Amino acid sequence: MARSVILFQLSLLLAGIISTTAQNCGCSSDLCCSQYGYCGTGNAYCGKGCRGGPCYSSPATGGGSSVADLVTQQFFDSIINQAPSSCPGKSFYKRQAFLDALGSYPQFGQDGSSVTSKQEVAAFFAHVTHETGYFCYIDETDQSNTYYIRERPSTPERAGACSGRFVYGSSIL
């Protein structure tokens, strides 16, 4: 159950909690705003120059390089390859899932100078790498430590679904 809760939290992070709309085009949240200001899907809209929505890479703003240019497959692999091959995270954490999530966080790594953008991306990956053991762990490793254990509160929204269950840790973030 704890794994399911963690997976759910991560999926919320990756999918985005708040629905966004493409700011420059007025597109619905499931459409990209192309470099020419038109709404649609596919590479012509969501690829190079995409200005908003679920772009294949972060929309280009003041920061210079896109996050996708910084977080290359080689960069991502250099982190995950430090984890033992038996780690459950090896088949769980994917670069493309991270890039897909960027559509919900269009300002991530895009505020300020290119140096500031690179520092933000580096800080994020340093933290996540530390918390997951180079993308090895999906669940908290020390589930016996009471510091990490808390009972899931029974709320009207979750009555019965999680009541009496335990959550280990609080997620990678």
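Cβ atoms are placed via backbone N, Cα and C, with glycine included.
Of the cysteines listed (CYS25, CYS27, CYS39, CYS46), TrEMBL assigns CYS46 as the disulfide partner of CYS32. Partner cysteine of CYS39, as given in TrEMBL, is CYS27 (from among CYS27, CYS50, disulfide bond). For the domain 'Chitin-binding type-1' (22-57), the residues of the chain that approach it from at least six positions outside its boundaries are 66-69, 99-100, 102-104, 106, judged by C-beta separation under 8 angstroms. Broken down by DSSP into helix, strand and coil, the domain 'Chitin-binding type-1' (22-57) contains 4 helix, 5 strand, 27 coil.
Of all the disulfide-bonded residues given, namely CYS32, CYS39, the one with the smallest number of surrounding CB atoms inside 10 A is CYS39.
There are 24 other CB atoms within 10 A of the CB of CYS27 (disulfide bond), with all protein chains counted. For the pair formed by CYS32 (disulfide bond) and CYS39 (disulfide bond), distance between Cα atoms is given as 6 Å, rounded to the nearest Å. If you measure from the Cα atom of CYS46 (disulfide bond) to that of CYS39 (disulfide bond), you get 9 Å.
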